[in-house]
Amino acid sequence: MDVYSILEIVRNIVYSGVLLIALVYSCLILLISRFRHQNNMFILNLCVNTMTTCIYFIIYFYAIYYDMPQSMCILFNYAFNIASIQIPFAFVAFTVHRFCVIVYHTKALFKTKQWVVICILTQWIAQFVISLPFVFEYYDDCTSNTVWMGFYTLITAVILPSSINMILNIYIFIHVRKSSLRVHPRRLNTITNGINHQQSRISRRDISLLKQMIFTFTMFIIGWTPALVINTVDVMIFVNFDVQMASVYLSVICLLAVIINLFIYNHEIRRYLFDSIRRCFHC
């Protein structure tokens, strides 16, 4: 067995590990009612997007070696763009949600389950619509690529979601900063102090969650970008196969790191799972 075969097995093991963790994470949120709050619904959405991305790329690295009819090639490449953009778009959906909840906190709509459904449904519709240009492209074979296709995927998977996230998060931090400056001069009595302390505590929790999601999104983009850049550049100039594979493995490891990081940060789910495992061993 050569090195590439071993690396292929390792890649599939990592993909399978990501699938398993995301599946367990999703089941915990779905099956236990106290975990089904707004933030966890977006984590669930992120897990579902991660699972579908993993499933596609497991199939992708085998399917590229087979001849497909034109109709299948269209579907194959359409799905490639969707799989490339759906995780960053899931982060954008969460950022839009937090932006509306924090900046427009007086609006009742943004605190409802309906708003969560709107955000997540819009994200899924957007990623299917944005990938439509791939349906109208002619493919010599399923592994063929054009410069515009590579750039389009790079823009929609990295540049567009990064820009939206950055703009909204900056606005959120500015809003929270201005709000805290307005609150402090009004501390006139003990009751007001208690209320303001609660507002400050909530803001810290929101900011902590945002920082964690920004860190996770940045980690994903760092791991995802090289593979998409090489996917674009390889059309114009020759890129060594080892470099291509290195970028692929970086993106795979990045997916694993993202899903593990989300699990570690979610204290309530992590504590529940560890307590359940501990009880099983004591039995």
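Glycine too: its Cβ is placed from the backbone N, Cα and C atoms.
Just so you know, TrEMBL annotations never went through curation; they're auto-generated.
Given the structure is predicted, the values throughout are model-derived calculations rather than measurements.
Lifted from TrEMBL, the feature list:
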DOMAIN    16-265  domain 'G-protein coupled receptors family 1 profile'
TRANSMEM  12-31  transmembrane segment
TRANSMEM  43-66  transmembrane segment
TRANSMEM  78-103  transmembrane segment
TRANSMEM  115-136  transmembrane segment
TRANSMEM  148-174  transmembrane segment
TRANSMEM  214-239  transmembrane segment
TRANSMEM  245-265  transmembrane segment
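Between the transmembrane segment (115-136) and the stretches 78-103, 148-174, 214-239, 245-265, the greatest number of Cβ pairs separated by less than 8 Å involves 78-103. The transmembrane segment (78-103) makes no contact with the transmembrane segment (12-31): fewer than 3 of their CB pairs lie within 8 A, with pairs spaced 6 or more apart in sequence. Taking residue pairs at least 6 apart in sequence, the transmembrane segment (148-174) and the transmembrane segment (245-265) share fewer than three C-beta contacts under 8 angstroms.
Among 12-31, 148-174, 214-239, 12-31 has the largest number of CB pairs under 8 A with the transmembrane segment (43-66). Through the fold, the transmembrane segment (214-239) approaches residues 84, 87-88, 91, 145-147, 150-151, 153-154, 157-158, 162, 165, 169, 247-248, 250-251, 253-255, 257-258, 261-262, 265 of its own chain, all at least 6 residues removed from its boundaries and within a Cβ separation under 8 Å. Taking Cβ pairs closer than 8 Å, the transmembrane segment (148-174) reaches residues 77, 80-81, 84-85, 88-89, 91-92, 95-96, 98-99, 102-103, 130-131, 133-134, 137, 207, 210, 214, 217, 221, 224-225, 228-229, 231-235 in its own chain, all 6 or more past its ends.
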